[in-house]
């Protein structure tokens, strides 16, 4: 099997890919859009992308690409505790530029503002791309925000460790494919993710849509809106549901009721969630 992931090697996504697929072919891509498009074009069997961080929220690029431009299903979810570090070619390195992915920079903004207020923040496609750039440009007064795996891979020094602003920082990753997958990892729960598009002519449409789960005691763990890209004020809603033994019997009836209300329902995935160790 071929698995596409957001690289290069050393990214948090690559850590998840290597933990889940120990003997499969792993292919890194430069951007989230490239990863999902590789799946769309049949270049790989699965695509692995970040979907949400506990500090900074949803990775909009991932969810928008999946909803608007892909028929892929979510076939597994991985939760990875995230530890961010400031890395450079040496501990004596002068730091005038700090490179990393936008999510990593956002997760460490308090530290960076306190200790490097004059440094220019530079955006890269992934944390490992930042580490690779710093390694390949040793004469630049630069550092990267990345994980310890990237530090080892690119032989960088730790300027500071665990610089994330909040404890308990973690990221969810979605594995995209055709059918639900199982792994020899720590499985924590099962979930269903739906994308709902509400009818224009239904007063209280969102309330009525949510109610089909509430009165059945189906636990909804997340709801979030994203633009439909049609006109201003038009949205689709991403909903996560706990899919335990009881809920699995109730959810089909809830979906039938939604259809009766004129709500367009797309099943994004029915999958298991796995917890990984910190990197």
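From the backbone N, Cα and C atoms, a Cβ is placed for every residue, glycine too.
Features of the protein shown, as given by Swiss-Prot:
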- 2-178: domain 'Prephenate dehydratase' (DOMAIN)
- 194-272: domain 'ACT' (DOMAIN)
- 171: site 'Essential for activity' (SITE)
Using DSSP, what's the helix, strand and coil tally for the domain 'ACT' (194-272)?
24 helix, 29 strand, 26 coil
Long-range Cβ environment of residue 171 (site 'Essential for activity'), under 8 Å and at least 6 residues apart:
12, 50, 52, 53, 54, 79, 80, 82, 103
For the domain 'Prephenate dehydratase' (2-178), what is the mean per-residue pLDDT, to the nearest integer?
95
